[in-house]
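Report on the following structure.
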């Protein structure tokens, strides 16, 4: 017995030991700050890669600049500069000394002997093919220089600077406005340009992740005799600003606005076209703004300078903050409104915290809620069950639609000006719809369709805008693209979808843009109200264009008819004149008599050379003009095109500053002096 026990004991001891080693550790509850979350999920905010990060940084800074200027009704002047920073210069900026490579094979861009032989063999084959093509007389393409292997660590750095003439920022608020994620002045139910409310904060986070350098902010407000300067970065784990320098500096220029400078990793080569395309589209939707864009590099041939001039001084109204519509709220929002309201009873709460609920209608709603509710019940004493009952009634009851007075569309006048300024099309039509509603949120759709123009490809060229900002990515799934490609019968409007250069511009503004996808780059096709409004707006533009195209076709056909008839005028006039001369000779020899006085008079004029071949040509030309005009008028009548005389009207600009009222029209803005 003892021997068996002793022989089994080591095995049991091993089992016991192994069980002890596999004992799981205690789980620790961790919490992430908002800044840490967006740093780890930067693709959500449009910072997928260095190239797109550069594009998104430019976009955020430009949109902040426009918002700032428009908030004080100042015509925006925005200067954006991207300066390329070489690796050696970047290292000197951060105090890092360049060091030569010691072990070349250690690096990712090291080319092995085998890879080098393969590359040289490929180049030799390409040269051999080139020589053979040259011998045969074929077109020879230049052999591009072989590119070395680019390592993962070869980053490109850029200093992005954006300066505006906007409102500026209070001195003490600057650190929190830039160094604390999900804090700002734009939160509330109103039309805003931003998608996440991050603004330049995400550019600061990307700067900290890619370069470690802080952001520089200079700001000054109206009637302020100093400039606030702040250099800071962000403590990502605590979501608080880390201020390096915050001081007031003398201001002698009386400038107001903000200048933001940030150094980030980026890729100008791959996103150059996107950034320039964005600036061009922004100039289309905001023709009242002036943009100055510069790209600065050590290589002069890479430098880019583009100026988008202001075309008008008519600005859209400032978007207004509004209250929630009852059909658009959820349980969580109702509870938050109850917590934040200053109203005491339920009747006052319903009247003042929601739109389109009058006092009589609020009393009807309370009566429908049940015996547990009364107009005088204290709103903060409502139980969870009672709040659920309110929410259920909000979803089932019928409310008037919210008005679109809180929205600020670009305006048909500005949209038309922007299209003409940037594309210079042969013809353009615009349309601005009335306010409509989806899920309790008002929205307005504006559209423009152009034919021809500079830098426009054949076929459909889609330009999408949401709350007056361009959308450049994920175009194929967007409601505008799908509507233009699949739901519009272009041929019925005399437009060739394949051969014509068609520009389709659609701008949607709302208190809630129903973006799809993590990057919020397109509007879904699943909301019937928006899809129908987009289709109707494009169709209205096409109807306007059809009348213009019909007139153009009519003019072309009229010109062709006139050219064909005019071609035979000399021959016809000569033949008629020869007949008249022969008749004159017969009458003179008394071989033929004409009893009609008109005929005799005509022959007399021919014999006296009062009527010549040139006279007949002139008469026939006038007759052709008259017949051609009558045929064109009949064609226009049958085609439904009104023949109204139109003359261009030129009005001189008003240089003196006066109090004026603007009366808007799709084609002009008429100003009345007060």
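Each Cβ is built from the backbone N, Cα and C atoms, and glycine gets one as well.
Within the set 1-32, 33-64, the record from TrEMBL flags 1-32 under the feature region 'Disordered'. Taking a C-beta cut-off of under 8 Å and a sequence gap of six or more, residue 198 (ATP binding site) has these contacts in its own chain: 38, 45, 60, 181, 182. For the domain 'DNA topoisomerase VI subunit B transducer' (402-561), the model's pLDDT averages out at 89.
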